[in-house]
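Q: Okay, handing you the structure first.
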Amino acid sequence: MTKTIVAPSILSLDYANVSEQLKQLNESKAEWLHFDVMDGHFVPNLTFGPDLLKGFKKCTDMVMDVHIMVEDPVFFTDVFLKAGADILTFHYEACKDEKEVRMICEEIHACHAKAGVSVKPGTPISVLDPLLDVIDVVLIMSVEPGFGGQSFMEDMLEKVRYIKKQIVEQNRSTLIEIDGGINADTAKLAKAAGVDVLVAGSYVFRNDIKAAVESLL
Ligand code: DX5
Ligand code: ZN
C-alpha cells in the first residue's frame with residue numbers, strides 16, 4: 001500500500017491567527033500545502049494571488065500544491081509557476097481542447113514543476129485517459145469547486161477507481177488527489193478506492209491541526 005499524503009487547504013486557514021496555524025502545520029505530518037486560487041469567474045469566489053504564495057514559501061518547506069480554478073489557465077499557470085508552485089493543477093473544463101491541456105502540462109514540466117489536471121464533479125474522468133502520459137497528479141473534485149465546508153460526494157469514488165485502473169494499465173506513476181469534504185470518515189473511503197493525496201480544508205482548520213492531519217493518514 002502506498003503512503004498517503006495530506007494537503008491542508010489554506011482556504012480554511014484562520015487568517016487572524018496565521019503564524020500560529022503555520023507553526024502547527026509545520027509541526028504536523030502534512031507534506032503538501034494546498035493553495036486554492038479562484039478568479040471569481042470560473043467559480044463564484046475570489047481568493048489568493050501569487051504574492052501570498054511567495055510569502056508562504058518563506059515560512060514552510062511543505063510542497064506548494066497550487067490548484068487554479070480560473071478561466072484563463074494559460075495565464076495563471078505562468079504566474080503561479082513564477083511565484084514558486086511545486087505542483088500546478090488546472091481545470092480540464094477551462095481548456096479549449098485536449099491539445100491545450102497537453103500544452104499546459106508541458107509548460108509546467110519545462111519549469112521543473114509537476115502538472116496536475118482537475119475535473120469537476122460533472123466531468124467524466126475518462127477524458128483524462130489519453131493524457132495520463134503528461135499528468136503527474138489527477139485531482140478529482142468531490143464537491144463543486146468554489147467553497148470549503150461542503151459535503152463529500154461519495155459517487156466521485158467511482159472516478160477514483162476508474163482512473164486508478166487506467167494508471168495501472170498504462171503503467172504510469174500518476175498520483176490521485178481528491179478535494180472536497182474530506183474528514184476522517186471520508187478519508188477512509190477515499191484511500192480504499194485508491195486515493196494517494198487528500199486535500200482537507202475545514203476538517204483540518206476547525207480541529208486541532210496536528211491531530212486532524214494524523215487522523216487522515
Ligand atoms: C474547493 C477547494 C477545496 C476546499 C476544500 O473549491 O478546491 O480545496 O478548500 O475544502 P473542504 O475540505 O472544507 O471541503
Ligand atoms: Zn482545491
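Heads up, the Cβ atoms here are built off N, Cα and C, so glycines get one too.
Per TrEMBL, the feature substrate binding site maps to Ser9, His67, Gly146, Phe147, Gly148, Gly149, Asp179, Gly180, Gly181, Gly201, Ser202. Feature annotation from TrEMBL assigns divalent metal cation binding site to His34, Asp36, His67, Asp179. Under the heading active site, proton acceptor, TrEMBL lists Asp36. According to TrEMBL, the feature active site, proton donor maps to Asp179.
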Q: Do any of the binding-site residues Asp36, Gly148, Asp179 touch ligand 2, in the sense that the CB is under 6 Å from one of its atoms?
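A: Checked binding-site residues vs ligand 2; flagged Asp36, Asp179.
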Q: Cα distance, Gly148 (substrate binding site) to His34 (divalent metal cation binding site), nearest Å?
A: 12
Q: Other than His34, Asp36, His67, Asp179, which residues of the same chain sit close to divalent metal cation? List them in sequence order, counting a residue when its Cβ is within 8 Å of the Cβ centroid of the site.
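A: Neighbours found: Ala7, Ser9, Leu11, Phe35, Asp65, Thr89, Leu139, Val199, Gly201.
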Q: Substrate site residues Ser9, His67, Gly146, Phe147, Gly148, Gly149, Asp179, Gly180, Gly181, Gly201, Ser202: biggest Cα-Cα distance, Å?
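A: Site span for substrate, by Cα atoms: 17 Å.
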Q: Would you mind listing, in sequence order, the residues at least six apart from Gly146 (substrate binding site) in the same chain with a Cβ closer than 8 Å to its Cβ?
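A: Result: Met38, Val43, Pro44, Asn45, Met69.
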Q: Using a 10 Å radius around each Cβ and counting other Cβ atoms from all shown chains, which of the binding-site residues Ser9, Ser202 yields the largest count?
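A: Most Cβ neighbours within 10 Å: Ser9.
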Q: Which residues in the same chain, at least 6 apart in sequence, have a Cβ under 8 Å from the Cβ of Gly148 (substrate binding site)?
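A: Non-local contacts for Gly148 (substrate binding site): Ser9, Leu11, Ser12, Gly201, Ser202.
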Q: Same chain only, sequence gap of 6 or more: which residues have a CB within under 8 Å of the CB of Gly181 (substrate binding site)?
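A: Within the chain, Gly181 (substrate binding site) has Cβ neighbours under 8 Å at Ser142, Val143, Gln150, Ser151, Phe152, Met153.
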Q: How many other Cβ atoms are found within 10 Å of the Cβ atom of Asp36 (divalent metal cation binding site), counting all protein chains shown?
A: 24
